[in-house]
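Visitor: Here TrEMBL flags A:20-244 as domain 'ABC transmembrane type-2'. Annotated transmembrane segment per TrEMBL: A:20-42, A:54-79, A:100-127, A:139-160, A:167-186, A:221-241, in sequence order.
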Ligand SMILES: Nc1ncnc2c1ncn2[C@@H]1O[C@H](COP(=O)(O)OP(=O)(O)OP(=O)(O)O)[C@@H](O)[C@H]1O
Ligand SMILES: [Mg+2]
């Protein structure tokens, strides 16, 4: 559709113009991978990490940075700002629906997540001995379901927050929780066991990503929980979302 | 044939009655103004016409269609400028217009519209760097880019400087010459007088007057007063006998004639016939401002 293509094109440009967003979402995880990967000790297997190297153990957490930024930070604040400023309402007076703008934002989120995942996998493999996902299907499933769960949460925030300010007030703590349980702030081996277990079930489900990336099939329960969160948060968001 | 018909429109927000009972018709090619004090229900009324709000009572028909049921068809035909709507900060002028143009089957050339609205030098400027008046002009351009049959403009020139306001009036007149019907909400009497064929004055959700600008003025304050100094002695009866004249008085060397209708023409014809020159001639008459105050008990904006 012509209108959707135009909206996607313009929204992508706006996303790139806001340098901070692509820098933190895509460049920062890659940069951290490179910095840690250059330290030889972090590339050696270590029983603390289940016979993985630190860098193998930490790579899924770097992907969590991308997921958290795209889905629960940028997406809800952009949508709430658009609603607050009447961008969505104005679009509703034209033949293009505000739904097209929402769809464009989702495409941009998915695109950045995909790009970042591919970059981390490829650079990790070529430079730092991180294997390609050992269980590709399981990895794809874990990534898709984790992404869906987080995007649904992001949309729910956008649905309940009327303004940019209120969206940030919900999105920032949520973002920090996702980052924390995703093992970004502190690698998970440094956390007490019960926090690690909570992290297994906190979207996007970093343990399932880790299992599929470096060992074997993720646990079905981990995946199922992500699917349930995606469906629940997604339908609540669909119910509550307002264009104005 | 009316292109917009509003019949007994009623709309409330919770307990607040925003529009109580509003009816009016807008003919094809007309510039129809909606005037009224703050909170009178103007925006709510035109947003019901635009299909953005669902009326709680009454009928709205636009080009014979229902603004809610036939929304898809009407959005191609109706351009809307909302009173309070902004664009993303980093969106540039030309991008905004090209994007909006892509939504319509038969858009105008965005580049020409940018020039017509005096935004040529700002085409690559992001929205956040535009002045208030430039934002307003961009918003008008977005309402017109789809080549609409009807343009609904809420607060057309609020925030524009006097020159930009006049330029915008010129643009609206050119748009009308192309046969576009215009429904516009305004606070400015001068704007209403210059642009509008007819006006609805709305107060507290009701239409308190509906007429042409001159019709409104003469209905509220029909009397006109003419003052002049005659160049030669003048028999008051010559003027007093005219049907348009209600009184002739003297104030020093000045003659003061009060009357209605085309009293000015009648008086000047008599003077011409008697070869009397009217020095320092002044015509005093009520303005739309006076009519507005009379009708609503509010002072108009500015
Ligand atoms: N979304 C809303 N929710 C609740 N009340 C509203 C809403 N929009 C308008 N109102 C109320 O409805 C009444 C009419 O508002 P409206 O915006 O139609 O007035 P207006 O004539 O356009 O005023 P202005 O000249 O200030 O633009 C006001 O009392 C206003 O407070
Ligand atoms: Mg208004």
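Placement of Cβ uses the backbone N, Cα and C atoms for every residue, glycine included.
Source: prediction; values computed, not measured.
Can you tell me where each of these features sits in this structure?
Guide: Counting residues 6+ beyond its ends, the transmembrane segment (A:54-79) has Cβ neighbours under 8 Å at 15, 21, 24-26, 28-30, 32-33, 36-37, 41-43, 46, 102, 105-106, 109, 112-113, 116-117, 120, 124, 128-131, 143, 146-147, 150-151, 153-155, 157-158, 161, 164, 167-168, 170-172, 174-175, 178-179, 182-184, 187-189, 204, 206, 209-210, 213-214 in the same chain.
For the transmembrane segment (A:221-241), same-chain residues at least 6 beyond its ends with a Cβ under 8 Å from one of its own Cβ atoms are 141-142, 145-146, 148-149, 151-153, 155-156, 158-160, 200-201, 203-205, 207-208, 211.
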Visitor: Which bits of the chain, at least 6 residues beyond where the transmembrane segment (A:167-186) starts or stops, bring a Cβ under 8 A of a Cβ in it?
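Guide: Beyond its ends, the transmembrane segment (A:167-186) has Cβ neighbours at 58, 60-62, 64-65, 67-69, 72-73, 76-77, 79-81, 150, 153-154, 157-158, 160-161, 195, 198-199, 202-204, 206.
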